[in-house]
Amino acid sequence: MTAPILRKLSQMRALTARWRAADERIGVVPTMGALHPGHLSLVEAAKADCDRVVVWIFVNPKQFNNPEDLENYPRTEVEDAEKLAPYGVDAVYAPDVDQVYPEGFATTVSVAGLTDVLCGAHRPGHFDGVATVVSKIFLQTGADRAYFGEKDFQQLQVVRRMAGDLDIPIEVIACPTVREDSGLAMSSRNLRLSPEGRQQAALLYPVLRDVAAELADGNRFPPLAERARARLAEAGFDEVEYFDLRSEDGLQALDHPDRPARIFVAAYIEGVRLIDNLAVPAV
Ligand SMILES: Nc1ncnc2c1ncn2[C@@H]1O[C@H](COP(=O)(O)OP(=O)(O)OP(=O)(O)O)[C@@H](O)[C@H]1O
Ligand SMILES: CC(C)(CO)[C@@H](O)C(=O)[O-]
Ligand code: BAL
């Protein structure tokens, strides 16, 4: 059965109040739509441990630093509702813009430090837009748990910090990255790649894995990163924006994984910006 699509905050609040009165646990899955199996894995995780599940769909204008990216972002609401039907979610909340940003809206939520690096350094204002809208998602839905993908690992850390700092009583749950058979991390932006571009893009994951294996053998990161960048350029990537080794906790730059760490990459192919990351155990 397709879940009702709510457009108004008052509708969302009425449902939350009813569920709270019945002492039900509420889970929210924040998305910008164009749903794929990566998103659906978050829905499954939410269904497994919550009594009620809300899927949030909103292409948040405040987090796009590039107007072209916002304009080209895929919008597929009818298909999204069909994809969600088998999961039996309790509501799809796809608010009208004025329900999120009413006239005169003047507040920005900004997380310092964690947002200075990686995507934060290359997408000015992006994480302010994310932190602002996610604080609204948490407060509007009143959820007990929120589900985020590790594909956007920095976002996950930023959102955790924001919820903790603002005493929002919600548990942020991390879910593993879902990949195509080729290893390519599923992403709504993959829809903008040609079949050849998609094939080329699939190199990101083996490159991450190879570098992780070399780190496990005790090699230092900087020369490995240089070779990885060259491999990606040769394979047809237009630009490698960053290729970094950073601690999982605090996202500090590392030369070798002396604590739990991740390799992070952002690269452009056919003008589409893709990101990925891979955990590397401490050695
Ligand atoms: N492949 C994936 N595996 C697991 N979670 C994912 C995956 N792709 C996206 N998510 C998660 O889904 C949530 C919504 O993400 P979003 O709507 O931005 O989708 P996206 O595919 O990441 O799109 P984009 O092209 O904007 O990166 C985020 O928590 C994100 O981390
Ligand atoms: C968390 C989010 C839905 C906020 O708009 C977005 O950044 C995303 O889709 O990852
Ligand atoms: N998946 C994170 C949302 C964005 O790229 O804007």
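Cβ atoms here come from the backbone N, Cα and C positions, even for glycine.
Feature annotations, courtesy of TrEMBL:
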- His39: active site, proton donor (ACT_SITE)
- 32-39, 149-152, Val178, 186-189: ATP binding site (BINDING)
- Gln63, Gln155: (R)-pantoate binding site (BINDING)
- Gln63: beta-alanine binding site (BINDING)
Quick one: which of these recorded positions, His39, Gln63, Gln155, have their CA within 10 A of Val178 (ATP binding site)?
His39
Could you measure between Ser188 (ATP binding site) and His39 (active site, proton donor) for me? Cα positions, answer in whole angstrom.
10
List, in sequence order, the same-chain residues at least six positions removed whose CB sits under 8 Å from that of Gln155 ((R)-pantoate binding site)?
Cys119, Phe127, Val130, Phe148
What is the interatomic distance between the Cα atoms of Gly38 (ATP binding site) and Gln63 ((R)-pantoate binding site), given in whole Å?
20
Quick one: among the binding-site residues Met32, Leu35, which has the most Cβ atoms sitting within 10 Å of its own Cβ?
Leu35
Across all the protein chains here, work out how many other Cβ atoms are within 10 Å of the Cβ of Ser188 (ATP binding site).
19
Around the Cβ of Glu150 (ATP binding site), how many other Cβ atoms lie within 10 Å? Please give the count over every shown protein chain.
18
Filter the candidate list Leu35, His39, Val178, Ser188 of recorded positions, keeping only entries whose CB is under 6 Å from an atom of ligand 3.
none
Recorded positions near ligand 1 among Met32, Leu35, His39, Gln63, Val178 (Cβ under 6 Å):
Met32, His39, Val178
Cβ under 6 Å from ligand 2: which of the recorded positions Met32, Leu35, Gly38, His39, Val178, Ser188 qualify?
Met32
Which number gives the other C-beta atoms within 10 angstroms of the C-beta of His39 (active site, proton donor), all protein chains shown included?
26
